[in-house]
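As recorded in TrEMBL:
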{"type": "TRANSMEM", "residues": "B:6-29", "note": "transmembrane segment"}
{"type": "TRANSMEM", "residues": "B:41-63", "note": "transmembrane segment"}
{"type": "TRANSMEM", "residues": "B:69-89", "note": "transmembrane segment"}
{"type": "TRANSMEM", "residues": "B:101-124", "note": "transmembrane segment"}
{"type": "TRANSMEM", "residues": "B:156-173", "note": "transmembrane segment"}
{"type": "TRANSMEM", "residues": "B:202-221", "note": "transmembrane segment"}
{"type": "TRANSMEM", "residues": "B:241-262", "note": "transmembrane segment"}
{"type": "TRANSMEM", "residues": "B:274-294", "note": "transmembrane segment"}
Amino acid sequence: MLYREAGQFKASYQEDQQIFPIRQDRIGMAVILAFFFLAVPMLASQYWLQAILIPVLIFSLAAIGLNILTGYAGQLSLGSAAFMAVGAFGAYNFILRIDGMPFLVGVLLGGLSAAAVGVAFGLPSLRIKGFYLAVATLAAQFFIVWALVKFPWFSNNSSSGVITAQQIEILGFAFNTPESKYLLTLAIVTVLAFVAKNLVRSTTGRSWMAVRDMDVAAEVIGIRPMRAKLSAFAVSSFYCGVAGALYAYTYLGTVEPEGFSLDLSFRILFMIIIGGVGSIMGSFLGAAFIVLLPIFLNVGMHAVFGSAMPAGMASNLELIIFGGLIIFFLIVEPHGLARLWQLAKDKLRLWPFPH
Amino acid sequence: MGFFFEVLIGGLLSGVLYALVALGFVLIYKASGVFNFAQGAMVFFAALTFVGFQEVLPGWTGLEPGSIAVFWMAFVLALASMVVLGILTEKVVLRPLVNQPHITLFMATIGLTFLVEGIAQAIWGNHVRGLDLGIADEPIEWVLDSADIIVSKFDVFAATLAGILVASLALFFQYTKVGRALRAVADDHQAALSIGIPLQHIWAIVWAVAGFVALVAGLIWGARSGVQFALTFTALKALPVLILGGFTSVPGAIVGGLIIGASEKLAEVYIGPFVGGGIEGWFPYMLALLFLLVRPEGLFGEKHIDRV
């Protein structure tokens, strides 16, 4: 009854092409944004901000990045964590080595260096497809982590490649409380998410989807596969790179190359599978799910077993539940949480009538 | 020169192990078009199950630990577990996903990887175990004396075992009814269905055979470097072997494995020192990547023709 687009007429092309064509969606989005920007910093505890909300936001960004490549352009990648590492170490070096480098520009440059590396590793996608490509992206994963460990220049000669992120300062304001870091992360993620949402509706985004659905056919109708694939790799790696920079600066503070392991890449892949392949909204849902699941599991298992729980068992159960959930989701709902969200919205449009 | 050959032979023999893992991938990919990322986890599962049974069997049956009877009982039980695992995978994971895009199936096998790893460790525990096949890892004396090259007995044993396995698989595919049915399914699912080959039985059999290959690979790997979680990472090395050899070719898996094994060891020894070492971790992938730029379908893969 509340959620219905009846009576909302589109009188101009501009209105017809809005991101959220339904008024209730716009209001809803404004409410959600207001909630996260205003209410959450006041209500949430420091633990929630620092240990849950910031990582959820950062992983959402990485998941959007992977979703652009895998969900929209159809190029399966197992190297997203490596591109995050490039972003983190890129931003670190730009801020470290150039005097007076503003933080945001440093993050941007970190993202751009990730994009450059992404394009380099995306080049094989012009020749190879599908699983062959997935294996090729593993090359990126192992090579980049190796290079960051082996060449001490990247980590400013620290032992075993550990870097400690500098103090974040924008226009003289120091971001050192969880609240301020959270707001900074949220602002960057919101902007980039809107950019992504628009990008996938643009010519570029549509060319990605055409290539995903069938690249030979896309080529026949005049889409350049090279441009589409490489731009997908560039944009995707840029997003992952920015996520990596935020991971180092606003979340952990201290990172090492080994932290961006294949395991993290898989985790991001799971986020988009569970959230929904080819959906920006799904990236957020999936990231929240994957970050929260281990925490709830831990709490739940402590409640059930008390402290008698064998140490290794928790991680094993986590593996089992993760794996089981992935298979479950793929069988029951291959389009992920985003699809459930969509179904809920469709039901809501008709509610309270059955048809 | 002796050193060069030593490195080369060591590399070739570790390549045999990669080839064994890759073989499991190829079998499943050929027959069902599923890229089974979980093969590495299956190798781990198989090795862990074998070692686990070897530990508990003496307690259950009163047999002497380490005796031949325990070895074979553990082997049979582990094999049975692998067959059950394979059939369950086919029934629970793959059958509901029939007709889904390949990428979905691939991701399901990634989920399966986690599931299998978790279950294996939940049952048998997380600690590293040794595995003794009764073959000493020591140089063969007459080779050492005559050519001054160290060749491990164990490596030769592993290579022989792998050779026997591949040969028997080839015979199985060539001369048995089931083998012929498997090849028919690999060639064309629909045509195979139309002449009355039960597709799902065949898939279950393929998964069981892949489980058997995983068990052999797991035993050799485990005896070499201990049964531990790191086994699953080593098994990832089978992926560049696959792209080098082509996903659909059994000889490709063998040749690819040998090339990857030899070249990674040679690169580590001869190129490694210039860039700080440790390049074994990524060299195979880069090699495979460069190779793909020249031949996208791998050494022996079928040429893929795109049609709109």
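Glycine too: its Cβ is placed from the backbone N, Cα and C atoms.
Of the Cβ pairs linking the transmembrane segment (B:41-63) with the transmembrane segment (B:241-262) and spaced 6 or more residues apart, fewer than 3 are under 8 Å, so the two regions do not touch. Simply put, out of B:69-89, B:101-124, B:241-262, B:241-262 has the most Cβ pairs sitting under 8 Å from the transmembrane segment (B:156-173). Counted as Cβ pairs under 8 Å, contacts with the transmembrane segment (B:6-29) are highest for B:241-262 among B:101-124, B:241-262, B:274-294.
Taking Cβ pairs closer than 8 Å, the transmembrane segment (B:69-89) reaches residues 38, 42, 45-46, 49-51, 53-54, 57-58, 61, 63, 112, 116, 204, 206-212, 214-215 in its own chain, all 6 or more past its ends. Here the transmembrane segment (B:274-294) has Cβ contacts under 8 Å with residues 237, 239-241, 243-244, 260, 263-265, 267-268 of the same chain, all six or more residues outside its ends.
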